[in-house]
Each structure stands twice: as C-alpha cells, then as structure tokens.
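Participant: Residues or ranges marked as active site, proton donor by TrEMBL: Glu185. Per TrEMBL, active site, nucleophile is recorded for Glu263. The domain 'Glycoside hydrolase 35 catalytic' annotation in TrEMBL covers 38-353. The domain 'Beta-galactosidase 1-like first all-beta' feature in TrEMBL is assigned to 400-512. Residues or ranges marked as domain 'Beta-galactosidase galactose-binding' by TrEMBL: 537-593. Positions annotated as signal peptide by TrEMBL: 1-28.
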Amino acid sequence: MAPKKPPCLPSLLLPLLTLLLPQADTRSFIVDRENDRFLLDGAPFRFVSGSLHYFRVPRVLWADRLLKMRMSGLNAVQFYVPWNYHEPEPGVYNFNGSRDLTAFLNEASIADLLVILRPGPYICAEWEMGGLPAWLLQKPEIQLRTSDPDFLAAVDSWFKVLLPKLYPWLYHNGGNIISIQVENEYGSYKACDFTYMRHLAGLFRALLGDRILLFTTDGPEGLKCGSLQGLYSTVDFGPADNMTEIFALLRKYEPHGPLVNSEYYTGWLDYWGQNHSTRSISAVTKGLEAMLKLGASVNMYMFHGGTNFGYWNGADEKGRFLPITTSYDYDAPISEAGDPTPKLFALRNVISKFQEIPLGPLPPPSPKMMLGPLTLHLDGYLLSFLDILCPHGPIRSILPMTFEAVKQDHGFMLYRTYLTHTVSEPTQLWVPNNGVHDRAYVMVDGVFQGVLERNMKHQLFLIGKMGAKLDILLENMGRLSFGSNSSDFKGLLEPPVLGQTALTQWLMFPLKVDKLVKWWFPLPLLRSSHLQAPSGPTFYSTTFSILGEGGDTFLFLPGWTKGQVWINGFNLGRYWTRQGPQQTLYVPRPLLFSRGALNKITLLELENVPPEPQIQFLDRPILNSTLHKTYIYSLSADTQSPSEPMELS
Ligand SMILES: CCCCNC(=S)N1C[C@H](O)[C@@H](O)[C@@H](O)[C@H]1CO
C-alpha cells in the first residue's frame, strides 16, 4: 500500500500547482539548530503528538481512535513496532489483520497525522518482553540488547524485513513518517554497550538512508548512556517532574535544536494487585502548557492506551514480580473503550492556545451495552483434555525444562511426575531459588492442592501415595518488559522439592489452549471423560445472543478468581478478580455478533469457581476496585442501569 498522494488535479492546473505543492523531492523534515526548532518543508514546525499502540486496538477501530486524536488538536501519532508481534518464530513474519503496519500508517495518513515511529528492537511499553521475541531465549546465554553476535544476527534479520517496509513511508519519500527512534531508553539499561547502539544506528542509516531524522529517548538519568553522536537526543518525563531541570540537562546533549519530550505521561500503568494509577487533569494540562510555551515538541504517552489482549502484557520487577494488567487504560485522554474523557477536552483546550484545532465536535462515546447475568456451564477439567491440548504428547526429561526450551512462548505448560514414595504426613512442596515463573497450580491425582507463586512465600503442604500423579500447571504471566537485568525464562526453573527430596523424572506438556478454544467454537465436542477429573483448572462457557445492534461492553466476573477469557475464539486477556484493581474486561463491539446471532464466551478458571458460575456484561468499566472485594450489580427494576454495586465480601 503506497503512501497517500495529493488528490488528483485537473491536468491544466497540475503544472501550476506542482510548483506550490511540496513534492517528494522537496518534502523535508529537519532540525534547524540555528533557531532551535524543526522545519517541515522549510517552515517552522512543532509537533504535538500522542501515543497509540496499534497492537492494543482491533484494526477495525484504528480509524476511530486516530480521528479522535486529530480532532483533539494533535498533528502526529507516535507508536512502537513490537518485534514479537510480527515475527512469532524465527523467519516467520506476520503483517496481516491487526498486524498490518502499513495499513495503520495509511490510516494515520488519512487522519492527517504525521508519524513518529519507534521500531525498537526493544520497546518496553509494558509489552511482553519489551517487544523482544521469546524465541531469542532458546539460546539461554544470549545477552539481550547488546552487541552479542547472536542477538545482533536476529536483530539484523528482523530489521532487513521491517525497515524496507517503512522506506516508502518516510516523509521525504512522500509518506508521513517524520522521525524514527533507535532502541528505547537504552541509557536505563545496565549494558551501556555503545557498539550495539552504533550498530543499530548504522543499520538504520543503511536501510533508511541519510535524510530521515533518527533520535533517541531517555529518562534524565539515562541520557549519558542512551545518547549517541548522529542521533537526536530527546527525553521523557511526567507532570510531577521538574521540566526546567530536565530540559537544562538535555541541553548538555543537544545544545541547539528543538526541545523534545517524547513521552509526557498523561497517566500511568497498572499492576495486578495494586491500585489503579491516575494522573490529575490539572497537573497534566499545566505541564503541557509549560512545555508548549517553551516551544518544545511534545508527545503525550499514552493518548489512547487500549488493551493487552491475549498474553501480551509485560511485567516489572520492583522488589517482586509485578505483571501488568490486561487493561492499558493508562488514565489516558481517550479511555480504553475509545471514549473522549474530560482530560482530553482539557488538553485540547491547552493545545488550542498554540495551534489550530480542527473544527467540529469530537465523535460521541460509543454505544454501550449491558447483558446478563448469564450462567456458565462446566465444559470440563483442563487435565482431561491433554490429548487435544498436547497432541504430540509430553516431552520427557530428568529435570524440568523451561517454556523456552520446549518452544512454548506464552500461556500454560503442565509438568507431571509421580511420587516415588508415600508421603503420609503433610509435607511442604517448594521450588528453590524462586524458581516458579510465574504461578503454579498444584494437583495430586487431579485434586487441586493450592498455588505456588513467584516471589511469594510458599506454604503448600501435601500428602500422597507412592505412584500418585503430581501435576503442576505453570502459568506464564508475561515476561519482564523493564529493568530486567537477566532474561525472564518461564516455567519451573529448578526441580521442585517435596520435603527434602528433589523431584526428578518429569513429563512436560506444552498446552495449546487457544487452539482448543477455537476448535470448540461454536459448540464444544465433549466426552463424559472430560468431566472426570475431580478439580483443578476448569473450562466454563455459555452462548448468548444480542437482539439489537449491541455496543461496547465490559465483562464482569463476580466471584471468579483468576483465569483467561475468550469471546468467539478471540483471547480477550487475563482476569484476576481476586486481586484487582480491574474487575471488568473491555469487550469491543466488533468482537460480537448481533441481531440474534450466536456468541460464545469461554473461561479457563485456574483456581476457584463461584457457587453461582455467572458473569455479566456491564455498560461501564470497573478499573479501580478496592482489593479483595467483589461486587454484584443487580438490574434495578425501574431502569436498565445497574444499581450501586453491592459489596459481596
Ligand atoms: C515502572 C517503570 C516502568 C518503565 N517504563 C517507563 S518509565 N516508561 C518509558 C518507556 O519508554 C515506555 O515504553 C513505558 O514503559 C513507560 C511507562 O509507561
């Protein structure tokens, strides 16, 4: 798909107007160091940009979100390209559907937004492994984000596919990409490997040419290691930071040229088990206005956050492992459901003081829908589907193997062994060196015993006869996306110990859960044997239809504990009702069939099924519930809107 060209013109006008319109050979975006500004086609230019990640929004909604950004007064959109989203296996590439990068570039062009593109290779972004593909860890000694030849070989191979796709979209070639970032906050990474950064800069120049503006972004403390000759240095900071101090520090690296904040935080990320993060409208607007008054160019991170569908969330490590939530609402100006918020209008008002805002109203919030409660029925226990979930059978090994070693990147793997002696007294099961990555659901002869969790104190005691089957289902909760000083392998990293005995002789079952759920859709092909296992992770489902057109909605799972959800075979993401802060999952209307057609929802509940296995669809999100409480909304008799939530526990 070629970049959008100027509209076709009557032939007699063309010669005249081509003198006026910037053509590919006269289009330019450069740094004017004499006047501390950018020049676009020779005219002074300042970008007011927002971050939107195409990989967190269904493709059918891209145009809607980009339009709302343009109508907010932005003139550019900034986004990453996650390597792992496009190269699922070495040498296998996917640029289709919601991965169609050039389609997104074209949508941005149609929305009249310039593009600031950040292809990594590492992107952070609270995304699984910061965008790096997990298959890199099949070489366990690889040194990520360094000049390690194994890492550079994979990077070169990837960029030789990606960067040529971007070349026609560069602004001076007729496209909308005005600048490209090299790496991401490299100065915050322990390696500080200038050979690596120089290699990347050389590769980008070789594949993108000399004219495109290449830049780096670092926090104030990262400029020293993150900056490189030939790459324009920019910083990132939020409303609570000292703009004057940070820009003064930036001037040590860029004495001349425009000041740029590449990530001005409009909100912040959420971790499971912590309260929902917010940033006040007054602080965010005040900080933006101060930067615009200085003539700085600013990108607001995030302008629309979207969702970590499937298993795509990343994680941080702050004393302990902190997985990012499914919702990436980020308290951003455009909500997770794509609705303009008061913060958007306040920011739009600030922007209007400095540059022209497109005329006309913003599109209204999308229609929302309530449905339910719906009762789900038991489809079967996870352990009873091993023949379908692991069709090639288990992998045998004396010691447990990691997900990466068996080439299972995401989701779940079952580890099975048999007790070599009878354990008649309750005996502790534990894994040395914090070796549970990340959560382990333990069963003995199919009976659920409890959970072992990364970074948490283990208190799990069990008994069992000689020959009893010990099953440990491992859940990968997402690989570290920031601050990881070592590679984040997943699975049982050490042999579990029962009492004083290290358990050996393991069977590993990589589980293709998504394939099973898709295969089931629309109706499960069940056998009675699937209902045999007495307990443990369980599939529940139901079908439902929407009479009218329907709308966006928010799946509410009162009383459920933790698991994964699929709607019509689409992996909506993780829920963790017990932990919060989010109690609902955003369900985009395009995922649903309307006018009476059949929809199907499937849950994989990993811990405890509520007495009443019900779910609801609400017309509003619950992202900041206080912890360890659950609510139920009952439809009030006189209206269809839910009454105030009633606390259940
Ligand atoms: C808790 C620290 C998380 C590190 N990430 C930081 S500072 N950020 C900078 C980073 O470049 C961006 O991708 C995002 O990850 C952003 C936080 O939303």
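Sequential numbering from 1, following the chain as shown.
The backbone N, Cα and C atoms fix where each Cβ goes, and this holds for glycine too.
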Participant: Quick one: mean pLDDT on the domain 'Beta-galactosidase galactose-binding' (537-593)?
Facilitator: 97
Participant: Taking only the Cα atoms, work out how far Glu185 (active site, proton donor) lies from Glu263 (active site, nucleophile), in Å, as a whole number.
Facilitator: 11
Participant: Just how many other Cβ atoms lie inside 10 Å of the Cβ on Glu263 (active site, nucleophile)?
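Facilitator: Within a 10 Å radius of the Cβ of Glu263 (active site, nucleophile) lie 24 other Cβ atoms.
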Participant: How would DSSP class the residue listed as 'active site, proton donor' in three states?
Facilitator: coil
Participant: Taking the Cβ of the residue listed as 'active site, proton donor' as the centre, how many other Cβ atoms fall within a 10 Å radius?
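Facilitator: Result for the residue listed as 'active site, proton donor': 24 other Cβ atoms within 10 Å.
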Participant: Going by DSSP assignments with H, G and I as helix and E and B as strand, what are the residue counts for the domain 'Beta-galactosidase 1-like first all-beta' (400-512)?
Facilitator: 3 helix, 54 strand, 56 coil
Participant: Per DSSP, what is the residue count of the domain 'Beta-galactosidase galactose-binding' (537-593) in each of helix, strand and coil?
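Facilitator: When I sort the residues of the domain 'Beta-galactosidase galactose-binding' (537-593) into the three classes, I find 3 helix, 28 strand, 26 coil.
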